[in-house]
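Novice: Structure provided below as structure tokens; questions to follow.
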Amino acid sequence: MDKIEVRGARTHNLKNINLVIPRDKLIVVTGLSGSGKSSLAFDTLYAEGQRRYVESLSAYARQFLSLMEKPDVDHIEGLSPAISIEQKSTSHNPRSTVGTITEIHDYLRLLYARVGEPRCPDHDVPLAAQTVSQMVDNVLSQPEGKRLMLLAPIIKERKGEHTKTLENLASQGYIRARIDGEVCDLSDPPKLELQKKHTIEVVVDRFKVRDDLTQRLAESFETALELSGGTAVVADMDDPKAEELLFSANFACPICGYSMRELEPRLFSFNNPAGACPTCDGLGVQQYFDPDRVIQNPELSLAGGAIRGWDRRNFYYFQMLKSLADHYKFDVEAPWGSLSANVHKVVLYGSGKENIEFKYMNDRGDTSIRRHPFEGVLHNMERRYKETESSAVREELAKFISNRPCASCEGTRLRREARHVYVENTPLPAISDMSIGHAMEFFNNLKLAGQRAKIAEKILKEIGDRLKFLVNVGLNYLTLSRSAETLSGGEAQRIRLASQIGAGLVGVMYVLDEPSIGLHQRDNERLLGTLIHLRDLGNTVIVVEHDEDAIRAADHVIDIGPGAGVHGGEVVAEGPLEAIMAVPESLTGQYMSGKRKIEVPKKRVPANPEKVLKLTGARGNNLKDVTLTLPVGLFTCITGVSGSGKSTLINDTLFPIAQRQLNGATIAEPAPYRDIQGLEHFDKVIDIDQSPIGRTPRSNPATYTGVFTPVRELFAGVPESRARGYTPGRFSFNVRGGRCEACQGDGVIKVEMHFLPDIYVPCDQCKGKRYNRETLEIKYKGKTIHEVLDMTIEEAREFFDAVPALARKLQTLMDVGLTYIRLGQSATTLSGGEAQRVKLARELSKRGTGQTLYILDEPTTGLHFADIQQLLDVLHKLRDQGNTIVVIEHNLDVIKTADWIVDLGPEGGSGGGEILVSGTPETVAECEASHTARFLKPML
């Protein structure tokens, strides 16, 4: 088989298409946003490839795998097992880091456990073995008469029942052993659980400390060391919590006797109690109630709400503050900022041991007086946060929590012992904090000698390979300790791609979703090289992509179209690029051949030096004290290679500051900065991202854009409705009354199938129409509410032409190019690009003040050349109303049409974080140091 044959694919909007795809080639699927590319690549080819592979497993194994729906297709042959690498958001687990996802951290743990050199944390000297005499002297230096026992560790944290071990010890004449911390008789040992980890230490000797024990102790120690293979523990018999003495014939600090357990990989894992920092449990950060978040506005008084929930509206807590004010002689009506530092301290952190007289009045007006210390607002919040069982209280209090690096482990996540093991004078945390490019250099230059070199050889090869793949997909600026939560979709996808190349599989079908997202043109070539490498191993690589270079690099291009949604779903052209360019109906072909192109604007809007937004001293992540100047009322692009600090500057600094000052938000905490000027030119800030407009099937474009309410009002105003007394609520499928109760207005019923994917069957009461029969009897211009929800935006625009409020909102959806989606289409079925355009349409339909600051992060994700043209028209329209638009973007077609560009760099990670140049595209294109300039110049 050298081809994959698809016959009769009808998934989503595909129109019964037939295709022959060559195997072991690089195939690019392209077309307008919403034309059916993902339906073909993911929901048909990948879903069927995965399903067939999973069907071959046992029913028991299948229930643990999330199965995809069986695609609606007549026949596919020539498929291989499929692996998809999607844009889906990364892990939200705070324990995942770049190092753990790529498995590099696992190999580093192994390396440090096998060839690391432990040192004493206090004296920084390598640990050396202790002799029996040293051990005896140490024990005899304990207070005389202290009852101690000498233990030999036999089994450390291993699963099993260990019956044989316990029988052997008893037969050797030992009477007691300490099992999982409890001392018990070996004649009647407890039954151990097979699946739990156990620790068994045999009691070799029990004694009271006195001077004439030297000979006896020396013999006991020799026995213990022989039994355990070189370690012994001395424990206090009277106080099980007392610190135990650890002895090692292997290594210990000669100065203070600090010794550590044998090095094992789990000592270097922050996800294992053996290695995690005990203070922060291996998270690297500690949560605390932040006074700056609790006191949002120091100009308010305590009575007026300086501390939310403690003002005069909250009677109970306000009584406490009044009693406190009487005791410390301060005024609850005075602004918080004017009160003394001592008052601040007492209110926030409590009165310590000092008793204060509190007057409490209950609902009936009875007063009681009690004397007790005041716990402090922050301690009160901490206590309520720990004790509460209500998720609402927890969520409310979580708004006041900030994170700070853990003081014990300084944010490295590891316990003290693990931080003091070195390979060539470098501890593990130092390697985790290196960028991937830097780490690769370190391992290339690492020279180990003798036996250690032999042990480390294989481990180093694995680490080196993985680092190389990450560098090849353009991620050399990330550090291994970077938390997975902070990665962008494109970065996470490329990390998964790098792990796949590391796996080195052959004969697999890879399906990728726009791997070039968030990647600067400079890094694009390396990414394409990686995809070609995957193909050359003998895999079929199918990529959904709009990037010009990717389309040119493909062996076979499939153009889906001609339009989007109901107007798409057909194969417009397929074959090598030349064949695509020759088809006049193919939009992709026309843009690729240059017959159509996005024009450079004839004239740009000039900047007004009087009106600027100026952010000074931004220092978040890798930013180096940056000063950003944005002209007000212009369309500005923020550019720079991946990792240069664009998102930190705009999403983590500018947006939260503006959100706090313009929208009055309290949650967003901006990255460190010195000052901001010029926000008076704006009345609000809006971030338009690609996150879904709703996470449930009940959200849809009609509810999100506010079209649904006037539609329901129209239906409620029909004479028949008025006669029956129907209100607009009758026409909502979210509340009782008008909806079909059998499916609760969903239109489908979910049937759980345990070994198969859950299936959704149309509700047999309403036949999938979501409403009950009576509601569907009401018609407006001959259509029922269900038929209206089933219209495309284009049809609805025509249908409601006479209703100006609706026509205007629907027209904006048309303007952003969403002519084809249905009014009632579930939000979960919209692509990221579509969701973003629904949000844009909602903004356009508002009566604008022309003073809004819009922030967009890579709006061209998922957009075809023709879609980008539409997006630019919308953004230019918003700008022409006087609004300011700031876009983070790599797409050169967008960059060349901007009025102003701010370019960050020169490199990613620690090599970036500076503003190289800002000005018009023509100015920026002349900058020698800028990578963006190199690619932008030919476009102008």
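Glycine residues also receive a Cβ, built from the backbone N, Cα and C atoms like all the rest.
Swiss-Prot feature annotations, pasted as is:
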type	residues	note
BINDING	31-38, 640-647	ATP binding site
DOMAIN	310-587	domain 'ABC transporter 1'
DOMAIN	607-937	domain 'ABC transporter 2'
ZN_FING	253-280	zinc finger
ZN_FING	740-766	zinc finger
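Can you tell me where each of these features sits in this structure?
Specialist: With a cut-off of 8 Å between CB atoms and residues at least 6 apart in sequence, the same chain places Ile638, Thr639, Gly640, Ile888, Leu904 near Lys646 (ATP binding site), listed in sequence order. When secondary structure is read from DSSP and collapsed to three states, Lys646 (ATP binding site) falls in the helix class.
Mean model confidence for the domain 'ABC transporter 1' (310-587) is a pLDDT of 92.
For the zinc finger (253-280), the list of distant contacts is 95, 100, 105-106, 108-110, 112-114, 116, 118, 120-123, 125, 127-128, 130, 134, 138, 156-157, 231, 246-247, 286, 406-409, 412-415, 417-418, 421, 428: same-chain residues at least six beyond its ends, Cβ to Cβ under 8 Å.
Listed by sequence, the residues of this chain that lie at least six past the ends of the zinc finger (740-766) yet keep a Cβ under 8 A from its Cβ atoms are 59, 62-63, 66-70, 697-698, 732-734, 772-773.
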Novice: Among all the protein chains here, how many other CB atoms are within 10 A of the CB of Ser35 (ATP binding site)?
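Specialist: I count 29 other Cβ atoms within 10 Å of it.
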Novice: Under 8 Å between C-beta atoms and at least six apart in sequence, can you list the same-chain neighbours of Lys37 (ATP binding site), or say none if there are none?
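Specialist: Spatial neighbours, sequence-distant, of Lys37 (ATP binding site): Val29, Thr30, Gly31, Val544, Ile560.
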Novice: Quick one: what's DSSP say for Gly31 (ATP binding site), helix, strand or coil?
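Specialist: Gly31 (ATP binding site) sits in a strand per DSSP.
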Novice: Have a look around Ser33 (ATP binding site) and count the other CB atoms within 10 A of its CB, chains all included.
Specialist: 29
Novice: Do you know which of the binding-site residues Ser642, Ser644 has the most other C-beta atoms within 10 angstroms of its C-beta?
Specialist: Ser644
Novice: Near Gly640 (ATP binding site), how many other Cβ atoms are within 10 Å of its Cβ?
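Specialist: Taking every protein chain into account, the count is 28.
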